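Asker: One structure, pasted below without further comment.
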Amino acid sequence: GQNGPHKLEKSHYSKFRHVFGKAATKENCFDGVPITRSVQDNSFCAINPRFLAVITECAGGGAFLVLSVHHTGKVDPQQPRVSGHRGNVLDIKWNPFNDCCIASCSEDATVKVWEIPPHGVYKNITVPWKELQGHSRRVGLIEWHPTANNILFSTAYDYQIMIWNLDCPEPVIKNPVRTISHHPDVVLSMSFNTDGSLLATACKDRKVRLMESRSGTLLRESSCKTHRASKVLILGNTKMLLTSGTSRYNDRQIALWDQDDLSAPLLEDNLDGSSGVIFPFYDPDTHMLYLAGKGDGNIRYYEISTEKPYIHFLTEYRSQLPQKGLGVMPKRGLDVSSCEIFRFYKLVTIKSLIEPLSMIVPRRSESYQEDLYPMTAGNRPALTAEEWLGGMDKGPLLMSLKPGSQIAESFSDMKAVGNSLENSLDTRRSQGRPCMLQLAYIQDQLEAKESKEDSSHTVDDRIQTPVTNGEDATLCSPPRTENELRLKFHKQQEEIRRLRELLNQRDVRIKQLELEIKNIKNSQSQSSL
């Protein structure tokens with residue numbers, strides 16, 4: 001196809017012009033995964049720093065697998081699943097504020113929300129935490145609100161978008177808090193702006209719509225004849241939208257739009273004549289846009305700027321393995337020590353393989369690269385569901401990715417130690433270092449961890465009283481109304497639940513590490529025989 005002039009506009013000044021893609025080695029892939037054969041244009045997998053979830057092919061009903069992110073290699077064919085749906089699962093998404101909570105939607109017209117045990121799925125899970133029954137046809141897409149806790153959006157083949165509030169005692173919710181009915185056909189894609197006050201959609205009628213997410217009020221819709229959109233992304237705070245779709249001649253095409261004027265795109269760019277949908281991904285921290293074609297092995301990437309020509313082509317990652325879908329690791333799960341700025345998990349159906357793919361900025365220095373990692377959306381909600389429904393909008397609570405910086409809240413602090421521990425163990429294992437090193441390392445970590453736990457009490461008291469839910473006790477005014485009291489009570493209950501879970505996690509982690517030490521000692525005594 002013809003290339004827009006900006007295609008040649010390489011950004012010569014950009015620190016991202018040498019970004020390269022690095023596929024994981026075989027032993028760091030997930031192998032033997034029976035990936036779903038569904039023909040939806042969805043990602044079919046969801047990732048967070050703790051778990052990878054993937055929709056699987058199964059007879060009768062619908063199921064997905066949840067694996068530990070570090071549990072790479074061959075997947076046990078008997079691996080237990082999350083299998084409560086009566087029809088194929090079409091989409092899964094992790095709760096951005098709870099790494100053990102995942103939503104799924106299905107051909108059975110329901111959405112279900114699941115609690116995953118912190119240490120993974122050891123037996124089939126069939127009973128969800130919540131079941132949402134409102135749609136009359138199969139549910140194709142779900143999205144969590146990016147800043148409010150426990151608010152979930154779903155859309156189905158009944159052409160409705162429904163907003164659900166999960167902050168309620170009932171296990172079965174029959175009524176969404178709102179139903180948005182602007183679409184005359186199936187919604188193919190949904191995207192929020194940074195604070196979640198706006199929602200953009202792409203619909204099978206080929207129009208792009210922008211609406212207020214809470215009220216559903218339609219603000220603008222496109223009526224462009226030259227571009228048929230199938231995926232839409234609001235590009236962070238740039239006031240621009242990006243759509244991917246096809247031109248009137250059926251070339252694959254992207255279009256860039258001014259958020260305040262959808263009458264015609266700012267630019268259209270034809271990519272090629274292939275047929276698979278283009279999955280777009282945007283990283284607001286680096287202003288980078290990644291385009292991955294379904295059925296291709298390639299990923300093109302660009303830099304976005306708010307001045308013309310808006311899009312600067314950087315380069316293309318090439319591979320022989322075609323992707324059916326791609327998951328993305330949240331920023332807080334990246335390896336900052338290797339200057340990793342984005343990580344895909346690529347579903348390669350023909351090989352039953354999930355391949356992690358890291359996007360890396362080549363840097364010589366070993367130290368933390370401040371300029372690559374601005375403060376980024378963390379894992380704490382900025383608002384409660386009630387506050388959001390009551391009319392408040394808030395941007396995400398930000399966190400630093402700098403190793404050792406006070407990670408959002410005391411409880412995720414230990415999780416981070418666990419993760420970095422697992423990461424360093426993994427790299428040591430994959431590099432085949434001598435066992436002695438591993439052993440010494442694990443023992444160091446255990447001791448450090450225990451001394452950290454001893455000192456953590458004093459540190460935590462200085463930083464914040466954990467039980468006051470992250471507010472300083474002295475600043476925390478006593479509740480004035482019964483409602484406030486109830487809210488405070490629920491918050492504290494939640495905090496206690498989290499702290500209990502954290503304690504359990506620590507116990508299990510220590511047991512795991514003790515086992516690892518035992519295994520290594522055994523293998524050493526074996527090898528010395």
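Glycine residues also receive a Cβ, built from the backbone N, Cα and C atoms like all the rest.
Quick paste of what TrEMBL says about this protein:
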DOMAIN    10-73  domain 'DUF1899'
REPEAT    82-116  repeat 'WD'
REPEAT    132-174  repeat 'WD'
REPEAT    180-221  repeat 'WD'
COMPBIAS  447-463  compositional bias 'Basic and acidic residues'
REGION    447-478  region 'Disordered'
COILED    482-523  coiled coil
Asker: In the same chain, which residue numbers or ranges, 6 or more beyond the ends of the repeat 'WD' (82-116), come under 8 angstroms Cβ to Cβ?
Answerer: 36, 38, 40, 42-51, 53, 55, 58, 61-66, 124-133, 135-144, 146, 149-150, 152, 154, 156, 164, 166, 330, 377, 379-381, 415, 501
Asker: Compute the average pLDDT of the predicted model within the domain 'DUF1899' (10-73).
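Answerer: PLDDT averaged over the stretch: 90.
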Asker: Count up the helix, strand and coil residues in the domain 'DUF1899' (10-73) according to DSSP, in that order.
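Answerer: Output for the domain 'DUF1899' (10-73) reads 3 helix, 24 strand, 37 coil.
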Asker: Quick one: DSSP breakdown of the repeat 'WD' (132-174) into helix, strand and coil?
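Answerer: Once the DSSP states are binned, the repeat 'WD' (132-174) shows 0 helix, 22 strand, 21 coil.
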Asker: Near the repeat 'WD' (180-221), which same-chain residues lie under 8 Å Cβ to Cβ, leaving out any that are not at least 6 residues past its ends?
Answerer: 41, 140-141, 143, 145-148, 153, 155, 157, 159-163, 228-234, 236-237, 241, 243, 245, 257, 259-262, 284, 382, 388-389, 391, 393-396
Asker: Could you give the number of helix, strand and coil residues in the repeat 'WD' (82-116) as assigned by DSSP?
Answerer: 0 helix, 22 strand, 13 coil
Asker: Per DSSP, what is the residue tally for the repeat 'WD' (180-221) in helix, strand and coil?
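Answerer: Residue counts in helix, strand and coil order: 0 helix, 22 strand, 20 coil.
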